[in-house]
Amino acid sequence: MLVTAYLTLAALAVLCVGLELAARRALAPLTAVANPAFRSFQTLFLRGYLLALWADWLQGPYLYKLYRHYNFLESQIAILYVCGLASCLLFAPAAAWLPQAIGRRNTCLLFCLAYSACCLTKLSRDYFVLILGRMLGGLSTSLLATAFEAWYLHRHLDVCDFPREWIPTTFARAAGWNHGLAVGAGLVANLLAEWAGLGPVAPFLLAVPCLVACGWVVLWDWGRAEAEGGVGEDQSGPLLGAPSTAAAAAIPPGPKLSARARFWRACLEGLRCLLSDRRVMLLGAVQALFESVLYIFVFLWTPVLDPHGPPLGIVFSCLMAASMAGSALYRLATSSRYRLQPAHLLCAAVLLAAFSFGVLTFSTAPGRPRPLQSFLAFLLLELGCGLYFPAVGFLQGRVIPEDRRAGVLAWFRLPLHLLACLGLLALHGEVSGTGGGEGGAGTRHMFAGCAGMMIAALLAVVSLFALGRHDADLRLEGTREEGED
């Protein structure tokens, strides 16, 4: 497994470079914005945001390994993961209205403090301290998903008054860096934990100075930019995903609502949108089923492979490189040269995931483990993830109204986290009921359940595809409808 991991990483690096070059040749390059003020603002935002992402990725490869290093059982570790997922669900409403209540920049600083405290709890072997750390991690993850984007959108649209069409250039750059950061995080974590012999807690400690640097950028650089702009932190701006200033001008004036009231109103409007549009409901079902099994995969990949001695940081980099290859493959497939539709690629992603979990059901049989087959299945699953996220993001942008997107996505996350928590609790119950045992029948049964959920997701994708077969909202511009001469 040691040699396999390094050779796989080298092969995936070549594949990613080849797919990236092919995608860039096939796609029209994203027009760079020459405005120097915008470029300076974009760089300022990315400086803080990428530091936050880097600190987050550093904690991925060795989380499960750290808990095993502290001699906790798989059933106990499952509860720790459930606490993290449950806290994500519980803190999601707070993460949505905190930027409005205490300010966007202050919320980003709160993220840095909470995530630093989460990392420092990993120094303790006390189970309840680690539970507290998982809860802080859930809060931090929720804030990372909302606070930085909220600050950027507010400054871009309402303060700097840049055109809305420039927003994708920033997040395209962030997405490109994000994949590279994920691969690099695995390499650095492996260097610290295994090559330097510092143990699985080392990557978490390295994340702390990265978060401190992020907080410094947010506190001083972003604060200086706000002061020089002559506009302080606005705590009563639009919600994340709310209409822009121009769109809001068309809304009749009404009573001013608190941040909490605006959040709950957005949730109610999102629920109405979800229940009134079958396309939105089917897309939500696909997201809940697909992404919930990813949380289960995040828990299970380490105990499946770790007994066979692979370098976990390198394995993590391989998984992230496979996801990067899937993302490049998506851009190549949807280019004008091949003109595949996002709905087709979403179907392919779900099929890859279903096949991967089917393979894992057999490769994790008790007493007859096949680690190489399991590793290959994990890589195929991550390749499917690289296809899934841009495809589902495109479809969400087409079927969910922009002014209701935040509320609808909040409802999407509810069943997603519940399914993941129930799956991990079921695994905890089965492992506890059989007296423990790593990599036993519970793992195999969980993979079989995930395969069943992917079949259900595939049915939802097919229904969505059939419903919108001739729906222009679900198709890329400039492509022909099926059956058209």
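Residue numbers in this text run from 1 along the chain shown.
Backbone N, Cα and C atoms are what each Cβ position is placed from, and that goes for glycine too.
Among the features that TrEMBL reports, signal peptide is placed at 1-18. Beyond the ends of the signal peptide (1-18), by six or more residues, the same chain brings 305, 308-311, 314-315, 317-318, 321-322, 324-325, 328, 371-372, 375, 379 to within a C-beta distance below 8 angstroms of the stretch.
The transmembrane segment annotation in TrEMBL covers 46-64 (among others).
Residues or ranges marked as transmembrane segment by TrEMBL: 76-96 (among others).
The annotation transmembrane segment is assigned in TrEMBL to 127-148 (among others).
Annotation comment: TrEMBL describes 201-220 (among others) as transmembrane segment.
According to TrEMBL, the feature transmembrane segment maps to 280-301 (among others).
Under the heading transmembrane segment, TrEMBL lists 313-333 (among others). Under 8 Å from some Cβ of the transmembrane segment (313-333) lie the Cβ atoms of residues 5-6, 8-9, 12-13, 15-16, 19-20, 22-23, 26-27, 57, 60-62, 175, 179-180, 182-191, 193-194, 203, 301, 305, 340, 345, 349, 375, 378-380, 382-391, all in the same chain and six or more residues away from its ends.
Long-range contacts of the transmembrane segment (345-363) within the same chain: residues 286, 290, 293, 304, 326, 330, 333-334, 369-371, 373-374, 376-378, 380-381, 383-385, 387-388, 391-392, 395, 444, 447-448, 450-451, 454-455, 457-458, 461-462, 465, each at least 6 residues beyond the stretch ends and with a Cβ under 8 Å from a Cβ of the stretch. Residues or ranges marked as transmembrane segment in TrEMBL: 345-363 (among others).
Residues or ranges marked as transmembrane segment in TrEMBL: 375-395 (among others).
As annotated by TrEMBL, transmembrane segment applies to 407-426 (among others).
Marked as transmembrane segment by TrEMBL: 446-467 (among others).
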Considering pairs 6 or more residues apart, do the transmembrane segment (280-301) and the transmembrane segment (201-220) have at least three CB pairs under 8 Å?
no
Could you pull out which residues elsewhere in the chain have a CB under 8 Å from any CB of the transmembrane segment (375-395), counting only those six or more residues past its ends?
1, 4-5, 8, 12, 283, 286-287, 290, 294, 297, 301, 305, 310, 315, 318-320, 322-331, 342-343, 345-346, 348-353, 355-357, 359-360, 363, 464, 474, 476
Which residues of the chain, 6 or more past the ends of the transmembrane segment (407-426), have a CB below 8 A from one of its CBs?
78, 81-82, 85-86, 88-89, 92-93, 96, 241, 266-271, 273-274, 280, 284, 287-289, 291-293, 295-296, 299, 396, 400, 446, 449-450, 453
Under a Cβ pair cut-off of under 8 Å, which of the recorded stretches 46-64, 127-148, 201-220 contacts the transmembrane segment (76-96) most often?
127-148
